[in-house]
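Participant: Below you will find the structure I want to go over with you.
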Amino acid sequence: VDVAYGDNGLDSDDEDSDYHQEPYKESYKDRRRRAHTQAEQKRRDAIKKGYDDLQAIVPTCEQQDFSISSQKLSKAIILQKTIDYIQFLHKEKKKQEEEVSTLRKDVMALKIMKVNYEQIVKAHQDSPNEGKNQVSDEVKFNVFQGIMDSLFQSFNASISVTSFQELSACVFSWIEEHCKPQMLRDVVIGVLHQVKNCGRRKKSYGMTKGPSLTFAQ
């Protein structure tokens with residue numbers, strides 16, 4: 001009787017245990033399934049919002065192709081247009097940085113020129129009579145023109161322009177051959193003698209006024 005009663009009691013406990021545990025297991029699975037579904041939906045919503053934001057931000061995404069007419073852009077097209085636009089922005093950024101660097105160099109050069117001109121003006125103000133015997137700008141230009149004409153004659157005779165590569169090679173060869181210090185010195189001395197003799201002839205004919213010019217070798 002005890003065994004039978006005990007068996008019945010055990011069976012009764014097991015049934016009660018199963019009765020209470022089974023609904024709990026199903027509820028836990030449902031909660032996990034529902035949480036997973038909600039997380040997946042949030043992920044999809046976030047991805048969709050990201051693509052929508054890209055399409056709204058990237059200007060090229062607003063320009064519909066004739067092939068797709070008014071259809072919604074696919075994710076692949078949105079990504080490709082976004083990549084192209086980012087690459088375009090990188091190129092524009094690099095171009096602007098180069099322009100800024102060039103402008104900074106120009107500003108620095110202008111500052112140096114400003115300082116130099118201020119020193120020249122100050123020197124003239126301190127000694128106003130000092131510049132009376134200086135060489136005129138016309139004579140300076142004649143000297144410069146004579147030097148450049150002499151160099152251009154040898155340059156024109158030595159340089160070939162059949163191709164850019166050949167031009168580059170000829171330029172370096174011409175510099176090494178015709179722009180040596182001794183050769184440049186001879187060119188400058190010859191030009192100075194020409195300008196000096198020309199000035200003397202003009203003075204003898206009464207064509208010039210003012211102080212005479214003296215060039216030292």
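Every residue gets a Cβ built from N, Cα and C, even glycine.
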Participant: Identify the coiled coil range according to TrEMBL, selecting from 30-57, 86-113, 114-141.
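Facilitator: Coiled coil, as annotated by TrEMBL, spans 86-113.
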Participant: For the domain 'BHLH' (31-89), how many residues does DSSP put in helix, in strand and in coil?
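Facilitator: Per-class counts: 46 helix, 0 strand, 13 coil.
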